[in-house]
């Protein structure tokens, strides 16, 4: 059972989906997740969090963000993960109750696999390459993980919002 309230998930889905699309697009087109997107997600948490979460869950969200930021920067320094991916994941983690991590982590793994396969298929299609010829991710060896992060975030809120 997921612990995030469905009403909160609906509101979060509404306000975070545009930022997630922007993050996914930026990562696909430029292989960069701008700091402004992560800062905007954190700003949303600071502004709307007190209205959507209990006070203790709201405060725990800051620790989730700090822990994920540390893990993201560790992955950046030693594992080749992009720094923007780590910062975006940290901002996202603030919204996810600890009890829901057992659901969100496998969801993210599924999104990584699906996004990777889809990205590799689409970059092999000439019609897609011509339409998006300036996208950096088509020729980069690395994979734009922001695509999977954004998909996970939107899917998690959608599942919580509409599963009850």
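First residue shown is number 1, and so on along the chain.
Note: Cβ is positioned from N, Cα and C throughout, glycine not excepted.
Look at TrEMBL and you will find 15-117 tagged as domain 'Prepilin type IV endopeptidase peptidase'.
Marked as transmembrane segment by TrEMBL: 6-25 (among others).
For 37-60 (among others), the entry in TrEMBL reads transmembrane segment.
The transmembrane segment annotation in TrEMBL covers 66-83 (among others). With a cut-off of 8 Å between Cβ atoms, the residues of this chain six or more beyond the transmembrane segment (66-83) that come close are 31-33, 89-90, 92-93, 142, 145-146.
Per TrEMBL, transmembrane segment is recorded for 103-122 (among others).
Residues annotated as transmembrane segment in TrEMBL: 142-162 (among others).
Same-chain neighbours of the transmembrane segment (37-60): 5, 7-8, 11-12, 15-16, 19, 22-23, 26, 84, 87-88, 90-92, 94-95, 97-98, counting only residues six or more beyond its ends whose CB sits under 8 Å from a CB of the stretch.
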